[in-house]
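*Asks:* Sharing the feature lines straight out of TrEMBL:
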DOMAIN    4-38  domain 'Galactokinase N-terminal'
DOMAIN    85-173  domain 'GHMP kinase N-terminal'
ACT_SITE  165  active site, proton acceptor
DOMAIN    238-301  domain 'GHMP kinase C-terminal'
Ligand code: PMV
């Protein structure tokens, strides 16, 4: 039996624009998904999942001659999506080990809300590939795991995925992603993240498609995407200078442009404004938007407290930058 964990992330800057070749800076946070894998006698996959968003479910599928559907009555879209990611992670581990037709019992435990912009699926895929590969006797380096995890996200999300989430989760820390070029950013200043979560999920596929339509219909929407790229480039300089106040200002600007592209939501805007009024250095939505999480830079305890009392904010929590990526737990 092997267990691996991998962190979730927030986008400091650059989501959506990264899909069109602009750079983005995601940062790993100290909230993890843990995946435990044990080889089975047959070819089936049995998954038990327990996390913040799902009340817990068990599904079994696969194996030759068996019904490929899960043995739950009506798999919800979230369960269906989770199955796709886990199936993909196992396939990547089998491929890395040069094996085929091996089944596993898999347990997923996650502190990261699903579909809320914190990279839960990437963390599960990264940890799953590492745990399953080690269960098969193969040690993969973090770069290879990031690459294989990206292939899984790309397939499950019908080609609409950047390398940002998977690279950040595998490597940890703050990273810069532009197309296929992914690097860690060293010596970042302390970033006092506080996260507000509205309890909702955004539909990444629909939101990405919405931005694409706007970008094709309006030149100024295309300019907006490019401007987000400019914010990221300025943000890299601010990170290098350790200028946390400037980082906050750029986060505010980034949120405004994401709003203009139609990917914010009333609940996200409400949390962003509550954070700003509580003296946050900056606040923006994180991830695809539509619902889910915002990230703010909290120089005092005030932003955290204000978010806790903001109507529509289901959970508010601090999250330190996690410098460690995929980790072997057992
Ligand atoms: O909501 P998340 O955490 O899956 O982030 C999506 C970020 C996008 O830039 C909108 C898409 C991507 O794959 O980069």
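Keep in mind that glycine also has a Cβ here, set from the backbone N, Cα and C atoms.
On a predicted model such as this, the values are computed, not experimentally measured, just so you know.
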*Asks:* By a Cβ-Cβ criterion of under 8 Å, what residues six or more beyond either terminus of the domain 'Galactokinase N-terminal' (4-38) are in contact with it?
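*Replies:* Beyond its ends, the domain 'Galactokinase N-terminal' (4-38) has Cβ neighbours at 51, 89, 104-112, 117-120, 122-124, 126-128, 130-132, 134-135, 160, 162, 164-165, 168-179, 185, 188, 191, 193, 195, 207-208, 211-212, 215, 225-226, 228-229, 231-233, 235-236, 239, 247, 250-251, 254, 258, 261, 263, 284, 286-289, 293, 295, 319-330.
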*Asks:* Using DSSP, what is the helix/strand/coil residue split across the domain 'GHMP kinase N-terminal' (85-173)?
*Replies:* 52 helix, 7 strand, 30 coil
*Asks:* By DSSP, what is the split of the domain 'GHMP kinase C-terminal' (238-301) into helix, strand and coil residues?
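*Replies:* Within the domain 'GHMP kinase C-terminal' (238-301) the tally stands at 33 helix, 9 strand, 22 coil.
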*Asks:* How many neighbouring Cβ atoms, not counting its own, are there within 10 Å of the Cβ of the residue listed as 'active site, proton acceptor'?
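*Replies:* For the residue listed as 'active site, proton acceptor', the 10 Å Cβ neighbour count is 31.
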*Asks:* Any idea what the model's mean pLDDT is for the domain 'GHMP kinase C-terminal' (238-301)?
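*Replies:* Across the residues of the domain 'GHMP kinase C-terminal' (238-301) the model's pLDDT averages 97 on the 0 to 100 scale.
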